[in-house]
Amino acid sequence: MIIVLIGYMASGKSTIGKKLADKLNYGFIDLDHFIESKENLSVREIFKTKGEIYFRKQEALNLTSILQSNDKIVLSLGGGTPCFGNNMEHILNTQNVKSIYLKNSISSLVKKLYKKKTKRPLISHIETKEAMTEFVAKHLFERVQFYNQSEIHIDTDGKSKKKIVEEVILKLF
Ligand code: S3P
């Protein structure tokens, strides 16, 4: 089975994904890191030198190839992955794939994103917390229609990582 973690930037996809994979004894792939190691460039550098369209193409191609695997994998997507091309459709229509949406409130996302904005090209230019809140609210509003298609939804606000992992496992099996 491939367990796909979906959610906005800073929703905990990579951290929870790693912990979940350890607990289940599954392999772990972070799609951003997978692309970074293939390209030998960070996501920020790919956006800067090759552009977002190139990144989205690589994202879709690598997602498709990983979804073909028969291995037991936890796959953490980038925040935008389900929202481009037919990536979400593809995730939902591939057998043996379970999609999980890690749902955070806007205020908890902004709190985390504001501290770690430099490596994220879509938000690195935003200067104040107020502007970040406005951006995230609008952006999430556009994206939530894709995230909401996930088979399993987990509210993560105020929960420890351990509790989130337990909840995911409980809903999966
Ligand atoms: C993006 C999210 C990032 C990364 C890229 C674009 C997005 O991943 O894929 O910067 O469109 O939301 P994280 O969700 O891991 O930050």
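Heads up, the Cβ atoms here are built off N, Cα and C, so glycines get one too.
From a predicted model like this one, the values you see are computed outputs, not experimental measurements.
The 10 Å shell around the Cβ of Ser11 (ATP binding site) contains 25 further Cβ atoms across the protein chains shown. TrEMBL lists Ala10, Ser11, Gly12, Lys13, Ser14, Thr15, Arg120 with the feature ATP binding site.
Long-range Cβ contacts of Ser14 (ATP binding site) within its own chain (separation 6+, distance under 8 Å): Asp30, Asp32, Ser76. According to its DSSP assignment, Ser14 (ATP binding site) is helical. The Mg(2+) binding site annotation in TrEMBL covers Ser14.
The annotation substrate binding site is assigned in TrEMBL to Asp32, Arg56, Gly79, Arg143. Under 8 Å, Cβ to Cβ, and six or more positions away along its own chain, Gly79 (substrate binding site) finds Gly7, Tyr8, Met9, Ala10, Ser11, Lys13, Arg143.
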Legend entry - Rounded Cα separation (Å) that holds between Gly12 (ATP binding site) and Arg56 (substrate binding site): 21
Legend entry - binding-site residues close to ligand 1 - of Gly12, Arg56, Arg120, only those whose C-beta is under 6 Å away: Arg120
Inset, instruction - Starting from each candidate's C-beta and looking 10 angstroms out, tell me which of the binding-site residues Lys13, Arg56, Arg120, Arg143 has the most other C-beta atoms. - result: Lys13
Legend entry - Cα separation, Arg56 (substrate binding site) to Thr15 (ATP binding site) (Å, whole number): 22
Inset, instruction - Around the Cβ of Thr15 (ATP binding site), how many other Cβ atoms lie within 10 Å? Please give the count over every shown protein chain. - result: 16
Legend entry - Arg120 (ATP binding site) and Arg56 (substrate binding site), Cα-Cα, nearest whole angstrom: 14
